[in-house]
Amino acid sequence: MPWESIKLNSGYYIPSIGFGTWKTGSGQGPIDQVKQALGNGYNHLDTAQNYRNEEETGVALKETGLSRSDVFVTTKYSGSDNLDIPTSIKNSLDKLGLSYVDLYLVHAPRLAVPDIPTCWAQMEKVKEDGLAKSIGISNFGVQHMETLMASAQIKPAVNQILLHPYVYQRQKPILEYAAKNGIVIEAYSALIPITQSPGGPLDKPLNEIAAKFGATTEQILLAWTKAKGAVVVTASSKKTRLQGYIAAGDITLSPEDIAAIDAAGALGEEKPT
């Protein structure tokens, strides 16, 4: 099976590819896209308070008729409407039409108010109350994680971060810290080198490796992300692309392929904005 599930430090398993609703908008669009994803091999949905489409995600889940245990659902505390974590998780569950989420994340360290230890204690309460099976973080750097871990009773299960070859060197310390502490990395925007930064140093190795596998460059980037041990969160409104992303799980890159992508990524390294 491609895209095997990964065991979290909470004891639960996370499917290693998920469909993200970040840019799907609101209204009928995300309902249709989520249903399409669920019908094409995705059993992991990733949404957030500030995506403003938790309700649509819930409608899609209900309309598919899938049983709750068949779908892994993530949402995030985004500090929307200045609501606190206890209120936010309950609102999110109401909108999703669920009694619990599989994973609840703090969307960014700046949202940890008044401070990271206090915020994380509230997240731990969410898990203890059975509202989330696992809890985690998003966009946390090494220092943020160190601050959290110093007081944590429950380790974060995941850290969801920006990850693609053009930011790999910058993000590598986060990957290393997470690996050392049993925290799974989730990668978003893995396809940016193709969708937003074409014409860079990665084009040549990606095209050559894709030709070798009879695959698309998107599939090679996802295979690279998988090779780094990360869970992929991706999206497309096109059914054929969604199916292609699932098929990428069957691609095993050689150490030489990975090294070539790493080297080209370092040449085009994005500077932090």
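Counting starts with 1 at the first residue shown.
Cβ atoms are placed via backbone N, Cα and C, with glycine included.
Nobody curates TrEMBL annotations by hand; they come from automatic prediction.
Keep in mind that what you see is a predicted model, and the values were worked out from it rather than measured.
Some features that TrEMBL has for this protein:
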ACT_SITE  Tyr51  active site, proton donor
BINDING   His107  substrate binding site
DOMAIN    17-264  domain 'NADP-dependent oxidoreductase'
SITE      Lys76  site 'Lowers pKa of active site Tyr'
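Per-residue pLDDT, averaged along the domain 'NADP-dependent oxidoreductase' (17-264), amounts to 96 for this model. When Cβ atoms from all protein chains are considered, those within 10 Å of Tyr51 (active site, proton donor) total 23, not counting its own.
For the recorded positions Lys76, His107, the largest tally of other C-beta atoms within 10 A is found at Lys76.
Separation of the C-alpha atoms of His107 (substrate binding site) and Lys76 (site 'Lowers pKa of active site Tyr'): 6 Å, rounded to the nearest whole number. On the backbone, the CA of Lys76 (site 'Lowers pKa of active site Tyr') and the CA of the residue listed as 'active site, proton donor' stand 9 Å apart.
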